[in-house]
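Report on the structure given below.
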Amino acid sequence: MACVKGSNAEKTNAIIMAAGLGTRMAPLTKTTPKPLISVNGTPMIETVINALVTAGVERISVVVGYLKEQFCYLEERYPAVVLVENTEYLEKNNISSIYAAVDVLEQGATFICEADLVISDEHIFQPRPSRSCYFGRKFSGHTGDWVFDLDDSGKIVRIGKGGSDTYAMVGLSYFSAPDAKRLARFMHDAYKETGHEQLFWDDVVNNHIAELDLSIHPVEAQQIAELDSVAELAAFDHGYVYLLRS
C-alpha cells in the first residue's frame, strides 16, 4: 500500500495491533475498522496514540490489515506513526501482527498495545516503566479472561485464560530493550513451528515466561477501557444506544 512507510531505527518504539476484523462490533465494523470507531468524539486508536506521544515515544508502528486504507490519515496527523501491513491477518491469529513488525522489537524498548482501547488517562505510560511489564487491572473473584499469575516477588509466571483474585490483561505491555530482542527471537522461532497460525502473541510470551523479566504495572478501571461489543460501546458512549434497538 502506498501510504505504508519504510522503517527507521528509533530509541523508543511502540507497536499497535490494528489489523483485525472486529466482528463482535458489527454492524459498525462492516464499513469501519474497530480501532477507528469514534468513542465520545475520538477514534479509539487515537486515544492510544495520544498517550504514547505524551510519553515521548518516537516511533509508533500501527499494524494494519482489514480496511487498511482508512488508517492512512494517521501518518499525516501524527509524525511518529508508521503503518505496517499485515498480509496474513485473515489466515493467522494476532501473532502475525507482531511478526509483521518484528523488526521494531529488534531495535529496542517497545510498548505493545491493542488498538481497540479507550485510554482516558493520557499519562498512563508515565513515568516510563523501569522494567518489562504488562499493564493489569486487579479484580476479585473468578474470570475466564486473560490473567496473570505472579510469584512472591511479583514476577509474572503465567499468562493465560482463567484465574481468580489477580490481575487481568488490559491490552498494554512494555518490553525493555533486552526483553524486546528476546521476544523478537522467540517470534522468529514460533513462526517456524507447525500450528503457529492459531497462536496469540501472548502465548509466545507465556511459552518463554521464564526467560523474560516481566512484572505487573497496575492500572485502574477509570484509566482505560476495552470495548468488545456494541452493548459495551453503547454503555460507554450513549450515542450508540440506537444500535441496541435494531
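Glycine is no exception: its Cβ is also placed from the backbone N, Cα and C atoms.
If you check Swiss-Prot, you get these features:
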- Ala19, Gly20, Lys34, Ser97, Glu114, Ala115, Asp145, Lys161, Asp202: CMP-(2-aminoethyl)phosphonate binding site (BINDING)
- Asp116, Glu226, Asp228: Mg(2+) 1 binding site (BINDING)
- Asp145, Glu226, Asp228: Mg(2+) 2 binding site (BINDING)
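A map of Swiss-Prot features onto the structure.
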residue : record                                     : Cβ neighbours (10 Å)
Ala19   : CMP-(2-aminoethyl)phosphonate binding site : 28
Lys34   : CMP-(2-aminoethyl)phosphonate binding site : 25
Glu114  : CMP-(2-aminoethyl)phosphonate binding site : 21
Asp116  : Mg(2+) 1 binding site                      : 26
Asp145  : CMP-(2-aminoethyl)phosphonate binding site : 12
Asp202  : CMP-(2-aminoethyl)phosphonate binding site : 19
Glu226  : Mg(2+) 1 binding site                      : 17
Asp228  : Mg(2+) 1 binding site                      : 14
Local backbone state of Ala19 (CMP-(2-aminoethyl)phosphonate binding site), from DSSP in three classes: coil
Rounding to whole Å, the Cα atoms of Asp228 (Mg(2+) 1 binding site) and Asp202 (CMP-(2-aminoethyl)phosphonate binding site) are apart by 18
Rounded inter-Cα distance in Å - Asp145 (CMP-(2-aminoethyl)phosphonate binding site), Glu226 (Mg(2+) 1 binding site): 12
Three-class DSSP secondary structure - Lys34 (CMP-(2-aminoethyl)phosphonate binding site): helix
Specify the nearest of the binding-site residues Ala19, Lys34, Asp202 to Asp116 (Mg(2+) 1 binding site), where nearness means the distance between Cα atoms. Lys34
Expressed to the nearest Å, what is the distance separating Glu114 (CMP-(2-aminoethyl)phosphonate binding site) and Glu226 (Mg(2+) 1 binding site) at their Cα atoms? 9
If you take the centroid of the Cβ atoms of Asp145, Glu226, Asp228, the listed Mg(2+) 2 site, which other residues of that chain have their Cβ within 8 Å of it? Gly171, Leu227
C-alpha of Ala19 (CMP-(2-aminoethyl)phosphonate binding site) to C-alpha of Glu226 (Mg(2+) 1 binding site): distance in Å? 16
Taking Ala19, Gly20, Lys34, Ser97, Glu114, Ala115, Asp145, Lys161, Asp202 as the record's CMP-(2-aminoethyl)phosphonate-binding set, what's the max Cα pairwise distance in Å, rounded to a whole number? 23
To the nearest whole angstrom, state the Cα distance for the pair Asp202 (CMP-(2-aminoethyl)phosphonate binding site) and Glu226 (Mg(2+) 1 binding site). 17
If you measure Glu226 (Mg(2+) 1 binding site) to Lys34 (CMP-(2-aminoethyl)phosphonate binding site) at Cα, how many Å is it? 11
